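Chemist: Below you'll find the structure I mean.
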Amino acid sequence: MTNNTDKQTLKKLERQILRKTAQAINQYNMIEDGDKIMVCLSGGKDSYCLLEMLLLLQKKAPISFEIIAVNLDQKQPGFPEEVLPNYLKNKGVEFHIIQRDTYSVVKRVIPEGKTTCGLCSRMRRGILYDFAEENSVTKVALGHHRDDIIETFFLNLFYNGSIKAMPAKLLSDDKRNIVIRPLAFVSEKETLEYSQLKEFPIIPCNLCGSQDNLQRVFIKDMLNRWEQNNPERKNVIFKALSNISPSQMLDKELFDFINISKDDIQR
């Protein structure tokens, strides 16, 4: 950070992100007294931002909770092994580096030129969930932000024929872990600017050489074009995700359409 203007910008932005993070945590009751929170730290801008916000809230919160930062070293070529340990030691944050060669597995299974992100993320999730259970973690914190949630909604809508996104809080399918997304109300624009001002030691996410998920790239570009024409478009879409009317949809599991009959008419 080079000047007073940058410092003032950082301070204002930090307060803004912290406020949104606290709102999401409170609204969805993400953190309870005595929680042990595992922050999944990839070395990307969003997970750095998440860790920073939780550390700030830890100092101010009326409840007590532990934080442990966990990184999975997947043995990708060129991965800078010293970056995260040095950063976390300097901050005085408890951390653990899990070392698992998923890179070789993914490269063996996925054909050349195909995106490896899907299999890689599933393997990563399983390893992190196992670590959380083995170390008595009560909440697994992920760095997904508002834009990730909106993009996932449209990915499912366009390509899977389903209406679903990313919840701010969930109990994993196997009931072993609770996953929280404290940055759910924060935009990617905010995490990007914050990471630049804080000068986080970013680790690229494409060390494996995988191609970007073209479907997600298409959705992201589409949303950005919409946002250019209407700066509130993403906010409106995000608001819609918590303003659902089951009776105005077509899902018989969410609303009892079958038993609506002429006997219900009131005149």
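Every residue, even glycine, has its Cβ placed from backbone N, Cα and C.
Pulled these features from Swiss-Prot for this protein:
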{"type": "BINDING", "residues": "Cys117, Cys120, Cys208", "note": "[4Fe-4S] cluster binding site"}
{"type": "MOTIF", "residues": "42-47", "note": "motif 'PP-loop motif'"}
Chemist: Using all protein chains in view, find how many other C-beta atoms are within 10 Å of the C-beta of Cys120 ([4Fe-4S] cluster binding site).
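Modeler: Within a 10 Å radius of the Cβ of Cys120 ([4Fe-4S] cluster binding site) lie 20 other Cβ atoms.
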Chemist: Tally the residues of the motif 'PP-loop motif' (42-47) by DSSP class, grouping H, G and I as helix, E and B as strand, and everything else as coil.
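Modeler: Helix, strand and coil residues of the motif 'PP-loop motif' (42-47) number 3 helix, 0 strand, 3 coil.
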Chemist: Quick one: give me the count of other CB atoms within 10 A of the CB of Cys117 ([4Fe-4S] cluster binding site).
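Modeler: Other Cβ atoms within 10 Å of Cys117 ([4Fe-4S] cluster binding site): 18.
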Chemist: Pop the mean pLDDT for the motif 'PP-loop motif' (42-47) in here, whole number is fine.
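Modeler: Looking only at the motif 'PP-loop motif' (42-47), pLDDT averages out to 96.
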